[in-house]
Every structure is written in structure tokens, then in C-alpha cells.
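Taken straight from Swiss-Prot:
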- 57-77: compositional bias 'Low complexity' (COMPBIAS)
- C109-C116: disulfide bond (DISULFID)
- C195-C198: disulfide bond (DISULFID)
- C293-C296: disulfide bond (DISULFID)
- C316-C331: disulfide bond (DISULFID)
- 44-77: region 'Disordered' (REGION)
- 82-102: transmembrane segment (TRANSMEM)
- 126-146: transmembrane segment (TRANSMEM)
- 166-186: transmembrane segment (TRANSMEM)
- 193-213: transmembrane segment (TRANSMEM)
- 224-244: transmembrane segment (TRANSMEM)
Amino acid sequence: MMARFVSVSSCQFHFGFREVSPPSVTSYPRRFEVSDRRFPAIPIKCSSSEPENGEDSAPSLSSSSSSSTSEVSTSNSSTYNWYTGIGGIGMLDTAYLTYLKVTGSDAFCPIGGGTCGDVLNSDYAVVFGVPLPVIGFVMYGVVTALSAELGEGNLPFGISKSNGRFALFGITTAMASASAYFLYILSTKLSGSSCLYCLVSAFLSFSLFFLSVKDVKLQEIQQVVGLQICLAIIVVASLTASYSTAQPIPSRSGDIELPYFRTEISSSSSPYAIALAKHLNSIGAKMYGAFWCSHCLEQKEMFGREAAKELNYVECFPDGYKKGTKILKACADAAIEGFPTWIINDKVLSGEIELAELAEMTGFSLDQANETNQLQ
């Protein structure tokens, strides 16, 4: 009977004693007699208010949930910052490759014969008539823009964040699949040719893919793994169809023999260039190059015929180049990695350098040029 009067809410108990009169005796089949005793009466005061510790626990749970949400948000923001940074680097890399492709120039002459120019000028650098670096630039641009929008949580066209993440996952999957295929082409069809910038682009694509795998939960990946496989197959099939008529280029390092030839300099030298060349020679500056290197010839053209003769130029392959040919010992001792390379005051400088820059870094002035001309 007591259970009917006890509320489940928190109760305050006040103990007291109340005198209870003895009940009347009634005859029953079995008679019980109750003696005159004092029974403790327990008045129960019930309150509908929540206990104080309950009030304290609610804010603590809310605070814990808020802290957890904040940590997840910070982690996602950091991930999208990585996306944006890597995508930006990829845009710079492919923009430079696009410039090389459009102008037909080469980035830097390596010690071996194969260069980025060989790769970019091959049939494999074009996909359905579009230069491959241009496609790469667009893809990196999309990744950079999409990741930046995801980081801010402000996607266009009403796209949800979940759909944005899956779109990013799909794009990076396509990029990684294409990069894997290009590495296969580079190692088989373009064997012997090297392109550092192409390898950097492939590395960046794989990095973006692994980031997206980490960003998308395993359960979500299992839901779309079939779609991702189909996407990779479509990318590879499309590239194969585009390259069906492409012809592999011979390996410079193994299939071609380059006999040594003397390069002809067509430009004439100015008095300033002649004086600068003599100054560089006097301070021990050396230019290391190879006869096949177009950049080496362009550097000499800056000086002109007469001034180039005054330079301390070191030809690293004076006997020509073929498979097994070793670089000149002087070049090997100087640890030359590409052409042209300048060593000025023990400082290694790679690539072509403008005359004004050479003059500035060696302390050559116009007055010295005038003095040299007067002596002549």
C-alpha cells in the first residue's frame, strides 16, 4: 500500500512519531490481536524538482559534446588545408609544365640524354588533342577550390558537405588512377627519359588520394568502392584509347648514340659581354655543360661568339655520349647534376643566368668594362 504514495521523483524524508489507536477486534477465522504500540509515522514530502547533481551533469554533458564537436571541426579544417596546399603546389607544377609544352622549351638538362622536353613533346603528352598538363592544372584547380569551400562549409549550388566529400574522393581517385597509368607509360614507352616535374605531379596526386581515403570513413568507402573501381577503369580505358596511335620514343640513355659535335654560336659579343667573360675567368668561375644541351648553347649565345671563347667552359662529355659513357672526371668531382651549371666562388648555380645577374653576384661593374675596353 505504501508504494502508491511514494513518488519516483526525489523525496525529502522527515521522521516523527504519531500515536496510533488500536484497531477494533473483529472475529475472523483466524484472529489477530494487535497490542497498543507506538508506530513510527513517516511523512513523505516529494518534490518534482531535479536533484542538484543532475543540474550540474547536464551542462557537463553539453560541454563535453561541444568540445568533441570542436575537435572534429578542427581536424576536418586541418585536412582541407592540406588539400588546398597540395592542390596549389600541383597547380604551380602543371602550370610550368604547360608553359614548357606550349613553348616547346625544356626545364633543365639532366646528365642523361632524356629530358622533360622528350616527354612533353611525345604523343603521350596529349589526351584527345588537349595537352596533358592543362588537364592536370584544371584537376588540381578543382581540388583546391572544392577543398577550400569544404573547409569553410560554404558549398555552392546547395551541395551538402557529405556530397562534397564524395566528389573530392572521386576526383582524387581519377587523378591517382591517371598518375599510375602515366608512371607505367613513362617506365615502358618512354624508357630512359626523365621528367622530375612529372614525377612530382604524380606524387601530389597520390598524396591527395590518400588524404581523401583518410577523410572518408571505411564504412562510407565500402558503399562506393564499386563506383570508385568503375571510375578508375573508365580513366585507364580512356587514356588507352587516346594513346592507341601514339608511338614510343627511343630511349636516349640506351638506344641512341650521340657523337660529339661542336656547337656554333651565331650572335656577336658586345664589349660589356667580353669584359664580363674575362672577369669571370679571372675569378675562377666555371661553366659546366654538355654538347647536346640546348640551354648550354643559349647561355653561350647570351655572351656571343667572342665572349664565349673567354669563358672557362668545361665540356662534360668531350667524346660523345652513348650507353655506358662516363661523365668527365672534373664534372664528377664537382658533383654536376645537370646542365648548364655554374660554380662561382664555390657556389653552385644551376640553369641559365642573365649577364646582369652574373655581374652583380661577382661584383663586376660597368666601370670595369670601360677600363677593359680602353686597354684593348
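Cβ coordinates are placed from backbone N, Cα and C, and glycine is handled just like the others.
Locations of recorded Swiss-Prot features on the structure.
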residue : record         : DSSP (3 states)
C116    : disulfide bond : helix
C195    : disulfide bond : coil
C293    : disulfide bond : coil
C316    : disulfide bond : coil
C331    : disulfide bond : helix
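Ranked by the number of CB pairs under 8 Å to the transmembrane segment (224-244), the listed stretches 82-102, 166-186, 193-213 are led by 166-186. A distance of 23 Å separates the Cα atom of C198 (disulfide bond) from that of C296 (disulfide bond). Counting every protein chain shown, the number of other Cβ atoms lying within 10 Å of the Cβ of C293 (disulfide bond) is 24. If you take the Cα of C296 (disulfide bond) and the Cα of C116 (disulfide bond), they are about 16 angstrom apart, rounded to a whole number. Counting every protein chain shown, the Cβ of C195 (disulfide bond) has 25 other Cβ atoms within 10 Å. Other C-beta atoms found within 10 angstroms of the C-beta of C296 (disulfide bond) number 23, with every protein chain shown included.
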